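Have a look at the structure below before the remarks.
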Amino acid sequence: MTNPDPRELLDLALEAARKGGALAARGQEGISVLDTKSSPTDVVTEMDRATEELIRGVLLGARPSDAILGEEGGAARGSSGVRWLVDPIDGTVNYLYGRAEWGVSVAAEVDGVVVAGVVEAPVRGRTYTAVRGGGARRNGEPISAAPPTTLDMALVATGFGYEARRRRRQAEVLATVLPRVRDIRRLGSAALDLCAVAEGTVNAYYERGTNPWDWGAGALIAAEAGARVAGLRGAPPNFDLLLAAVPGLFEQLHDLLEPLGADTDG
Ligand code: IPD
Ligand code: CA
Ligand code: CA
Ligand code: CA
């Protein structure tokens, strides 16, 4: 089977993310919690589920043999070699509070490698896109990461998973990082954190405990904008660490985080 053209996958990702974003944006006002997951603060709204359902319908309607990995459980097995990573609302807590910092993240993997990704932030009016090897764009215009800086001058975004047993360790890691950098930002959306690295509105981003649907699209967008995006010791981004920064700064932050161990108690 010949591999699909990544630009065609991007077009489909865009269609799905835009339709999903429009649906979620219409449903934001007056939204309430439907369910919780790993902890009482790890919330799901009815729009998380409805948006994922819509996106899944768009993707499988066009490409029925593809696989899907969606945050809200919308897994589909496929046979085409293409897998979609879908976070219908990344930044659900912001969404719940009527804030603008949330996005729809849709990425296309071919044989395990992300080749196209979209992060659509409807309330902010921003659409971030990338195709592997083709650069990163915001609303169609090329973007690039901020020039290298030293760690002590870096504005560093981070995030914290909602699992209660990880939070204490995350606070300890933050206590180590905060005195070493210019400042910390906690935007509340991993996908938008990566897009912030891509457009240079932060210098770096790290988080421990994220999943492929959080970073599938954003990691490609940040990488195509000139950032290095990886886990610990050169591993691909994974649950232990997702780190994005331009080369030079990346290594400084990596070396600070590397000895700090896992995000679980004990
Ligand atoms: C969360 C957001 C948050 C990050 C968490 C994620 P969700 O995703 O990206 O910024 O810190 O680790 O779980 O649950 O809002 O899709
Ligand atoms: Ca997420
Ligand atoms: Ca989500
Ligand atoms: Ca969630």
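Every residue gets a Cβ built from N, Cα and C, even glycine.
Annotated in TrEMBL:
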type: BINDING; residues: GLU71, ASP87, ILE89, ASP214; note: Mg(2+) 1 binding site
type: BINDING; residues: ASP90; note: Mg(2+) 2 binding site
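TrEMBL feature annotations superimposed on the structure.
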residue: GLU71; record: Mg(2+) 1 binding site; Cβ neighbours (10 Å): 22
residue: ASP87; record: Mg(2+) 1 binding site; Cβ neighbours (10 Å): 35
residue: ILE89; record: Mg(2+) 1 binding site; Cβ neighbours (10 Å): 31
residue: ASP90; record: Mg(2+) 2 binding site; Cβ neighbours (10 Å): 30
residue: ASP214; record: Mg(2+) 1 binding site; Cβ neighbours (10 Å): 26
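DSSP gives GLU71 (Mg(2+) 1 binding site) a coil state; it is part of no helix or strand. Between the CA atoms of ASP90 (Mg(2+) 2 binding site) and ASP214 (Mg(2+) 1 binding site) there is a gap of 7 Å, rounded to the nearest whole number. A Cβ within 8 Å of the Cβ centre of GLU71, ASP87, ILE89, ASP214, the residues given for Mg(2+) 1, is found for these other residues of the same chain: ASP48, VAL86, PRO88, ASP90, THR92, SER105, ALA190, ALA191, ASN211, TRP213.
Reduced to three states, the DSSP call for ASP87 (Mg(2+) 1 binding site) is strand.
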